[in-house]
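One structure below.
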Amino acid sequence: MILMPMASVVAVAEPKWVSVWGRFLWMALLSMALGSLLALLLPLGVVEEHCLAVLRGFHLLRSKLDRAQPVVPKCTSLCTELSVSSRDAGLLTVKTTASPAGKLEAKAALNQALEMKRQGKRGKAHKLFLHALKMDPGFVDALNEFGIFSEEDKDIIQADYLYTRALTISPFHEKALVNRDRTLPLVEEIDQRYFSVIDSKVKKVMSIPKGSSALRRVMEETYYHHIYHTVAIEGNTLTLSEIRHILETRYAVPGKSLEEQNEVIGMHAAMKYINTTLVSRIGSVTMDDMLEIHRRVLGYVDPVEAGRFRRTQVLVGHHIPPHPRDVEKQMQEFTQWLNSEDAMNLHPVEFAALAHYKLVYIHPFIDGNGRTSRLLMNLILMQAGYPPITIRKEQRSEYYHVLEVANEGDVRPFIRFIAKCTEVTLDTLLLATTEYSVALPEAQPNHSGFKETLPVRP
């Protein structure tokens, strides 16, 4: 959508300048301008209260201006707030075009944030930085200044993300370039240290005796939990106990969608195929392997489309995947990368995360792309000696957020998200196999009728 200058928007919205609405609008504009000027003349102790009044005034003005704007459809699940750190999770947005009023409000908020920062009122400044970026997510100066603010708070990863986002929008922004050059090596060191922590926990898991009954119990429970969460992320409403019932008895759950139950059976078939065929196989991962995984994932729901590339264009949130005629070529290139020396030299968690992202970016299938991508990710982890990980349904928003950020040009938050999931899985295994073990929810320690577990390789 092409945005007109504010004066143009106002003129189109109300050509009768003598109307009550027109007079009110210009009075509001004038009051905002005078109010901002007054802020410079007021004693410093009054600025904090004034900035809040200014923001309230902008909210009123924005509500009037928005009446002149075209109605924009609400974003899909992928167009949501972005989690960049635990402190500011869900407070920054991506892929949103600011209105003229929003940009004006963002500039006012940034100026007030810098003033609050100068006064040492960092809590107020923090909220104003976030407000500025909420109003205008592409405000490069606000991204850069918030990055500096985050650095001062020792949040190097968030600062580096903000500089990177600023440079994605404006590649030659001098201040962001200088700041990013400073934070990039620090962030790389932090990421490598985190990988080392994960590696040390993998070694502890590998030291658990192969015959450990506690390990077997938790892996069986993890199997059910993985199926439950991976289909729940896609909207499946079956409960964990219902999924256990389906897989253990092979009987349908009365009153529940047969399609949802077939999704569970398909996931079970795909995981069984991976466990018995691919995990221990020596050699490269082929395109046929991925097609076979997908054939099982979707085979009980849509056997016609299972195991074949899509033939229609799809839209995933803001992301437009490759045209159907380009899918096979991109999958060939993806397969070459999967088996390349560059990929093999990556840390296993980074390799698995990138493989997941690349496959879901291509979106080669009409349905089942997310489930297939997560299975491929776990295949790579297991081949490297790691346990399979679970992305829980409660993490759905964060999961989609970091995928959206990757689509915007920074895949590192997604890699860190997968690393976090890996660490949680390792901690669960270590906790469950200690003397004071804690079972997973709805676990049944004495259950032994289910044999197809996802193995932890010795």
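Using N, Cα and C of the backbone, Cβ positions are placed for all residues, glycine too.
Following the DSSP three-state reduction, the secondary structure of G368 (ATP binding site) is coil. Per Swiss-Prot, the feature ATP binding site maps to E234, 316-319, 367-374, 399-400, N407.
Residues or ranges marked as O-AMP-threonine by Swiss-Prot: T80 (among others).
Residues annotated as O-AMP-threonine in Swiss-Prot: T183 (among others). In the three-state DSSP classification, T183 (O-AMP-threonine) falls within a helix. In sequence order, G147, E151, I156, A159, D160, Y163 are the residues of the chain that are 6 or more apart from T183 (O-AMP-threonine) and have a CB within less than 8 Å of its CB.
With helix defined as DSSP H, G or I and strand as E or B, the repeat 'TPR 1' (106-139) counts 27 helix, 0 strand, 7 coil. Per Swiss-Prot, the feature repeat 'TPR 1' maps to 106-139.
Under the heading site 'Important for autoinhibition of adenylyltransferase activity', Swiss-Prot lists E234. Every protein chain considered, the tally of other Cβ atoms within 10 Å of the Cβ of E234 (ATP binding site) stands at 15. Following the DSSP three-state reduction, the secondary structure of E234 (ATP binding site) is coil.
According to Swiss-Prot, the feature topological domain 'Cytoplasmic' maps to 1-23.
Residues annotated as topological domain 'Lumenal' in Swiss-Prot, with similarity to another entry given as evidence: 45-458.
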Go through G368, G370, the listed binding-site residues, and name the one with the sparsest Cβ surroundings, counting other Cβ atoms within 10 Å.
G370
Where H319 (ATP binding site) sits in the secondary structure, as DSSP reduces it to three classes:
strand
State the three-class DSSP label for R374 (ATP binding site), counting H, G and I as helix, E and B as strand, and everything else as coil.
helix
With every protein chain in view, what's the tally of Cβ atoms within 10 Å of the Cβ of G317 (ATP binding site), excluding that atom itself?
16
How many neighbouring Cβ atoms, not counting its own, are there within 10 Å of the Cβ of Y400 (ATP binding site)?
21
Taking all residues of the topological domain 'Lumenal' (45-458) together, what is their mean pLDDT?
85
